[in-house]
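Novice: So TrEMBL says this about it:
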DOMAIN    148-175  domain 'C2H2-type'
DOMAIN    231-258  domain 'C2H2-type'
DOMAIN    315-342  domain 'C2H2-type'
DOMAIN    343-370  domain 'C2H2-type'
DOMAIN    400-427  domain 'C2H2-type'
DOMAIN    460-487  domain 'C2H2-type'
DOMAIN    488-515  domain 'C2H2-type'
DOMAIN    521-548  domain 'C2H2-type'
DOMAIN    549-576  domain 'C2H2-type'
DOMAIN    633-660  domain 'C2H2-type'
DOMAIN    661-688  domain 'C2H2-type'
DOMAIN    717-744  domain 'C2H2-type'
Amino acid sequence: VHTGEKPYQCNVCEKSFTKAGSLKSHQRIHTGEKPYQCEVCEKSFTEAGSLKIHRRIHTGEKPYQCNVCEKSFKEACKLKIHRRIHTGEKPYRCDVCEKSFTQACSLKNHRRIHTGEKPYRCDVCEKSFRRTCDLKTHKMIHIEDKPHQCNVCEESFKLLTHLKKHKTEHIEEKPYQCDEYEESFKLLTHLKQQKTEHTGEKPYQCNVCEKSFTRAGTFKVHQRIHTEKPYQCNVCEKSFTKSGSLKSHRRIHTGEKPYQCEVCEKSFTESGSLKIHQRIHTGEKPYQCKVCEKSFREACKLKIHRRIHTGEKPYQCNECKRSFTRACSLKIHRRIHTGEKPYQCDVCEKSFTQAGLLKSDLLIHNGEKHYKCDDVCEKKFTMASDWKRHERINTGEKPYQCDVCKKSFTQAGSLKQHRKIHTGAKPYQCAACEKSFTQAGNLKIHRRKHKMIHMEQKPYQCDVCEKSFTTATHLKQQKTESTGEKPYLCNVCGEAFNQASNLKAHKLIHTGKKRYKCDKHKCDVCEKMFTSASDWKRHERIHTGEKPYKCDVCEKSFTQASIWKVHQLIHTGEKPHKCDVCEKSFKKAWYLKNHQKVHTGEKPYQCNVCEKSFTEAGNLKIHRRIHTGEKPYQCDVCGKSFKEAFKLKIHRRIHTGDKPYQCDQCEKSFTQACSLKIHRRIHTGEKPYQCKVCEKSFKEAFKLKIHRRIHTGDKPYQCDQCEKSFTQAYSLKIHRRIHTGEKPYQCDVCEKSFTQAGSLKSHRRNHTAEKPYQCNVCEKSFTQAGTFKVHQRIHTGEKPYQCNVCEKLFKRTNHLTTHKMIHTG
């Protein structure tokens, strides 16, 4: 044995052996002798050892157990191979491509890929195969006889295993129950399969590509990928691995759809497709995700969904290494690299990478708009997806939720972009400067800068400021700005302009003409006229509330493309405009321009009433309204007016209920970004504004301002009726209601009225019995924050109210007031 000598040679095939017994067993291959017979099923074997192993099928004995996962095997060699799953050992390596395998037979089969050897030939059609099992499967095509008949429905089958599987369809009883999910099964094998899905175990491994499977049937079908597709269509010659797949495929040619929905009469080529379709009507979604409890109509959809939680992306592009959760997504993605666009429009000859995009294009040509918004605006759409997305604007539905921060979105793509905030993923990288971006669109915008900087020459230089330009026109414009020259003079009023276009626009004032002689540039709501169509269109959005430019990261919408473009820089973090004094960066050029005035101290815009100066013309314009009392922005709901447009915008949210700024800690929403900023300090505990007198800190600057008045005694707000003074304007406003008798806040249950909104809010809790303020010491609950605050002093011992005569301390102000009467008599 140790010398390597093999003295025993077969006289038929000349194969040599080290032992006489091995030769004896081998010779039975040629003689066909199988002396060892199983007394249960009468199957015969050439060796006693093979019979011994076979008997374990009947007894169920599996004496070889894995000490890692406790899985048992009938054969020692099978356990040895299994252990390699845990160790990762792959001792058999291909000397051609260096791929490694856990089994010698896997390597042997693999080598045939390189050699092209197919030693197993079909004696009917002479087709050859690399493996015996592939030949065995293939031979089933030639067998016409179906000797195994079902005694219930008389259907016949080629194999006994197929008959056994068929018989389960007649079984109504489900005696095998899963102890984890309480689901019942007809067969023990089905229960076992279910359990492997729960455990994640995949005991069936392909010895060619080593992919693993939970089910033997799935594994068997997979193996045909490496060997053959034995079922061929006689119309188009397309081949399939399964006979059922061929049967379904043939219906494409025949047009047969034998399975019809009894609700909507829609027909299907497969019974499975009908079964899934029927769930649309029943609302049944039997496949539920154990992580987020989301349910699905199809098992495959649940499988794909689970990858969101696991992060698994099994389909990787071999060009750019980008991974995908679905095979079809990878297939479509690969077309980016290949340039393939297989779907061509026969109208405009434009080609597409996806069938869905071609379908959308054809609908545009046809002018078909099958989808109509019936509920609100009756707007029509060519695409179901666009219609569905539009309907969510009306319903407020946001079905796509972030599993990290729970923020919801109307579109799946928006959620995908949002997730990059949490992951920090920036998959789009600039090849020039290696800067990365979360979105392809932002990279595209960024690349333009390199094009301008690196590719474009700037041959036109200004001799005043030495700045260079790409065109003579831009240089000319710059010169007029640098010199202050205004060469374009109006022949009516003498006003001068630095650009011809500005003069042209100005002249329309004198002629009374609009740039376009049609009433479409007149606002139907307020009758304001516009010289350009774009200005008119932009203005109309004030009345309609339309915001066509939407950010696909946070879903915020904008009326103008320019504002939307600047907004996107928030997500990219890009600030291309840098101050050369303090190196602070800005998103917009004019932000930088205004900032630079901080360093120069320049405030060129002065109020002619109070002589106050401003860095921006807009700020001066708003300031002047203090003197004029002008409030040009009026709410069309309640008629309240405002000096600034943004204040009207915030005010409108009272009527709409819109609170776009949400806290990521407690999900409370706010109408203003600054309110959210202040609110967040509740969670962080931050109180940045401190009183210099008593060192008490506050979350808001205005609260510190009011607090200081306690120390100064300042009460600037005086009632003109009783001359009582207050530290806050709001306190005076509420006080005045004592004189006027006004109680604007009414309870919708008992109709009782109140002077303050807070009082109404507290009162409502009498009806609801709500007590939102709970003590974390004794768990007692309160309807009002003030009562809760006073209660806490029982546990803390705090007595913040001190008598200025005897210095005695009290928990409550009314107790101090009562006490003071002792001193006054």
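Using the three backbone atoms N, Cα and C, a Cβ is placed for every residue, glycine included.
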Novice: Please report, as numbers and ranges, the same-chain residues at least 6 past the borders of the domain 'C2H2-type' (633-660) whose CB is under 8 Å from any CB of it.
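Specialist: For the domain 'C2H2-type' (633-660), the list is 556, 622, 625-626, 669-672.
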Novice: To the domain 'C2H2-type' (400-427), which of 231-258, 661-688, 717-744 is linked by the most Cβ pairs under 8 Å?
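Specialist: The stretch with the most contacts is 661-688.
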Novice: Quick test of the contact rule: Cβ under 8 Å, at least six residues beyond the ends. What residues does that give for the domain 'C2H2-type' (661-688)?
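Specialist: 405-407, 650, 653-654, 697-700.
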Novice: Averaged across the domain 'C2H2-type' (148-175), what pLDDT does the model get? Just tell me the whole number, please.
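Specialist: PLDDT averaged over the stretch: 75.
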Novice: According to DSSP, how is the domain 'C2H2-type' (400-427) divided among helix, strand and coil residues?
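Specialist: The composition, in the requested order, is 12 helix, 4 strand, 12 coil.
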Novice: Could you break down the residues of the domain 'C2H2-type' (315-342) into DSSP helix, strand and coil, giving a count for each?
Specialist: 12 helix, 4 strand, 12 coil
